[in-house]
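What Swiss-Prot records for this protein:
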{"type": "REGION", "residues": "1-25", "note": "region 'Disordered'"}
{"type": "TOPO_DOM", "residues": "1-187", "note": "topological domain 'Cytoplasmic'"}
{"type": "REGION", "residues": "144-167", "note": "region 'Disordered'"}
{"type": "TRANSMEM", "residues": "188-209", "note": "transmembrane segment"}
{"type": "TRANSMEM", "residues": "231-252", "note": "transmembrane segment"}
{"type": "TOPO_DOM", "residues": "253-263", "note": "topological domain 'Cytoplasmic'"}
{"type": "TRANSMEM", "residues": "264-284", "note": "transmembrane segment"}
{"type": "TRANSMEM", "residues": "297-317", "note": "transmembrane segment"}
{"type": "TOPO_DOM", "residues": "318-332", "note": "topological domain 'Cytoplasmic'"}
{"type": "TRANSMEM", "residues": "333-354", "note": "transmembrane segment"}
{"type": "INTRAMEM", "residues": "370-381", "note": "intramembrane segment"}
{"type": "MOTIF", "residues": "382-387", "note": "motif 'Selectivity filter'"}
{"type": "INTRAMEM", "residues": "382-389", "note": "intramembrane segment"}
{"type": "TRANSMEM", "residues": "397-425", "note": "transmembrane segment"}
{"type": "TOPO_DOM", "residues": "426-480", "note": "topological domain 'Cytoplasmic'"}
{"type": "REGION", "residues": "429-480", "note": "region 'Disordered'"}
{"type": "COMPBIAS", "residues": "441-452", "note": "compositional bias 'Basic and acidic residues'"}
Amino acid sequence: MARLPGHPEVPGAEPGSAVRGGRGGRGARARHVIINVGGCRVRLAWAALARCPLARLERLRACRGHDELLRVCDDYDVSRDEFFFDRSPCAFRAIVALLRAGKLRLLRGPCALAFRDELAYWGIDEARLERCCLRRLRRREEEAAEARATPPARGPQTSPGRALGSGRLERGRRRLRDVVENPHSGLAGKLFAYVSVAFVAVTAVGLCLSTMPDVRAEEERGECSTKCRNLFVLETVCVAWFSFEFLLRSLQAESKCAFLRTPLAIIDILAILPFYVSLLAGLAAGPTGSKMLERAGLVLRLLRALRVLYVMRLARHSLGLRSLGLTVRRCAREFGLLLLFLCVAMALFAPLVHLAERELGAHRDFSSVPASYWWAVISMTTVGYGDMVPRSLPGQVVALSSILSGILLMAFPVTSIFHTFSRSYSELKEQQQRAASPEPVLREDSTRDDSTRSASATEDSSQDPETAGAAGSLPGPVGP
């Protein structure tokens, strides 16, 4: 790097005289400064900085020596009298607009968080942003904080240290992970996903058929017809496949405890376990244990009703369902606000309609305030079953107010929930596309190959004068 020309520090000298020395008129250099930010050269007047001071440039003006100057900027060109800053030129254009027009706006190009860091670097308060731009920055900060708080989704990729494993067990686990977790990895992954979805559909059909009146009548009489036996065989085959799939997913997981704590693994356990519990209970009771089965019949039926959770397994293969689950996790605060709004409105309109109908109108539909809570919830959600209808004029006025307030209260958090769903869907779709794109396999000898190729390329370029001349003509940073 070119050094500054020597300027002895004179007591009482003007601040920045060591920086503004050199060829040319001293008065012109005292009035202007040339700033180069990432290739964007701007000539600024010190008077503009006085109107809207930048902390870093003010420190630059007060510099008196070379070492002090390098603590403020990244480089200094003596021939051009130019100060170089290795920062974002896009963000600096917005700062130049602030100096010239007095308005600071958030540009569409750079990231809002990166722009905030640039403002902190140049010493500009975020409050100088225009109101609309400041709202955009705050919203982006909330999204970033929310993304940091949300645990990352487990994908099919492994850590780099695991990916470099050369053992046969690690390679087999990697292939198994691609098959069961990444349907886009190949033909085996697609077939596994299709078979899993098909078994979920068959289980849903079998669950519907098992609730038919004739099948229920046979179960209550203790009989087992051909239809009942076929449904049992169908359920057994499906549960066997789901158990096999659960075993494969647990084998490919790096941490078994972390895998068992995932929501989909908990759903699998709750859906599979009732079948084995009822089967073991039937085998333990034997042919003479009918009374014990009768006492445990209600519990077993409730456990077998958990088979409906098999439908939630579709979330493994549906991008929309996974986006919905991520949205529910991220919008817990919005759902809490919605519940709070409904509870407050319900506590307000239920006593009013009870007073209007029971006390003033003498109608018996609204027998108590707790019974009126049901009517308030149904009315505010615009469902309207019609089982409880206000018939007096005051009651109808209360009903109209309840319906209108319900429409407004439901609409408040919906916009935020919709935007969160759109963002979650875009993130998961991008993650799925990255997982589907082929990645190069890392090998142990890749480092040696790269170093060999780099050495050969260096030798070739040193022997070829044209290549060396072209390389020497490339611009580079100013060095000391």
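Positions of Cβ are set from backbone N, Cα and C atoms, glycine also.
Residues belonging to the topological domain 'Cytoplasmic' (253-263) score a mean pLDDT of 85 in the model. Same-chain neighbours of the topological domain 'Cytoplasmic' (318-332): 146, 150, 153, 263, 413, 416-417, 420-421, 424-425, 427-429, 432, counting only residues six or more beyond its ends whose CB sits under 8 Å from a CB of the stretch. Within the topological domain 'Cytoplasmic' (253-263), the DSSP-based counts of helix, strand and coil residues read 6 helix, 0 strand, 5 coil. DSSP assignment over the motif 'Selectivity filter' (382-387) gives 0 helix, 0 strand, 6 coil.
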